[in-house]
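Below: the structure, in structure tokens.
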Amino acid sequence: MSKQIVHSDQCRKKIIEGINVVANAVGITLGPKGRCVAIEQSYGPPKITKDGVSVAKAIQLKDKSLNVGAQFVISVASKTADVAGDGTTTATVIADAAVRELNKAEVAGIDIQEVRKGAEKAVEAVIADVRKNSSPVKNEEEIAQVATVSSNGDREIGEKIANAMKQVGQEGVITVEDSKNFNFEVEVVKGMRFDRGYISQYFATNREKMITEFENPYILLLDQKVSTVQPLVPVLEAVAHTGKPLVLIADDVDGEALTALILNNLKGSIKVVAVKAPGFGDRKKEMLEDIAILTNGEVITEQLGIKLEKVNDTSKLGTANRVIVTKDHTTIVHDKNNSDIEKKVNSRCEQIREAIKDTTSDYEKEKLQERLAKLRNGVAVLKVGGATEVEQKERKDRVEDALHATRAAVEEGIVPGGGVALFYASRVLDSLKFDNEDQRVGINIIKKVLEAPVRQIVKNAGGKEDVVVNELSKSNDKNRGFDARTMQYVDMIKAGIVDPTKVVRTALQDAFSVASLVIATSAMITDHEEDNNTNRSGGGVGGGHHGGMGGMDF
């Protein structure tokens, strides 16, 4: 396939244009009066959302050169979502503004390397000021406020998330799932979460969110590494005959075994996900046993004379109502009352409490307390309902955003919302030292760019951007901001309009990182459009292979 190369000014122009296309689509969702975006799905009704990263990821531009720019800003939205869980729209708006302003400086003939140095100094100073003015989350009401703002002003969502955190603790496990009715409910169920995710991204069942979700799976617990597939064949065939999915938790899975599991998963012969066991050494064995008790299964270990190749039915496998696996975490959920499991869990908790009393190591005590909390506290499930499937999915997106924002707030605290935290933090730049005039240009660019979130929120509310920015510029109160819901100037903290510090910080860092890369780019290589058209007319890959799922491949 031949390539086309675009250089210098034309390259930058195309990239900036592509960034602007995505930023315009994402930016309209910002703030309480931001608009929803309808995203066409490959099947079923369109997805209606205000989630910035969902909007960004749905964009694929026909013009290859423009699409390179689009991918830049999609990457900033994705990175912000991965780190902070929220703030993707703010990051996109800032990145768009920063790229345009930095490009103006280069076009004007200013030394762009010095401009970038000045801008980098400015970003560091602003982030330090934001952190300095951050306040810790003190109570349930502040948690509800963060969740309410992040969910587009939905107070019910804020209160439900605060209630869930109250029941399982601020560091407890909270999941989101569809309700089977119209209601929005909080339910605390048996379950646990540990810090290990899938071994390969090819196990993800939801490619948009990159997670694996299984209903009523079997759980195979192995105290060993698996490299060859043959020992797994009997148990895989037994599970495949039931039609249920399988969660494999082992020391490690690699080589031929991993390849075979991925192949059969993609083929549809068996739904499976492989996860590394949590912990290390003896602690790993204890945690596997914790999971076994919770799921009513057994740990397959040769130390007890149980060989993997001899497991040819599901009797030694655990079960769960639901398992959710991300690249970093695995959550096991039960919502069925089982008195036998309850007794075993209580007995296990008592054993751990005794071990806590006996140990003299602070580190060991901390790890035992973590295990106890995982077994005892359970999992809070936010069950989201809606009158229609479209309404339910839209609300579920907002609940997930709000939950991420709340976690970020618990982690690093909160600052005044509505874009004013960055707006007022930019004042530290007035006294920031610089080495030359070109660096001063970079500092001033960041100062201007930090108005972008406030301007976008006001614009989406139908207000006058310049009037609001001018009014806030006169204020000596760093909590004073513009409430886009009421179109009034208020004390943002007292009004409950707050943002997680981590979200604000991450949005600025990621936006500037991408803007710097764009300005450093002077050429791009893309496929020729004619080649793409030729390929599309040439038929499908593989020339017409047909057939059913068949058996498993080993």
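Each Cβ is built from the backbone N, Cα and C atoms, and glycine gets one as well.
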Given that Swiss-Prot records Thr29, Leu30, Gly31, Pro32, Asp86, Gly87, Thr88, Thr89, Thr90, Gly418, Asp499 as binding ATP, the matching residue among Lys13, Lys50, Lys478 is Lys50
Expressed in angstrom and rounded to a whole number, the ATP site built from Thr29, Leu30, Gly31, Pro32, Lys50, Asp86, Gly87, Thr88, Thr89, Thr90, Gly418, Asp499 spans a maximum Cα-Cα distance of 17
DSSP output for Thr89 (ATP binding site) maps to helix
Reduced DSSP state (H/G/I helix, E/B strand, rest coil) at Lys50 (ATP binding site) is coil
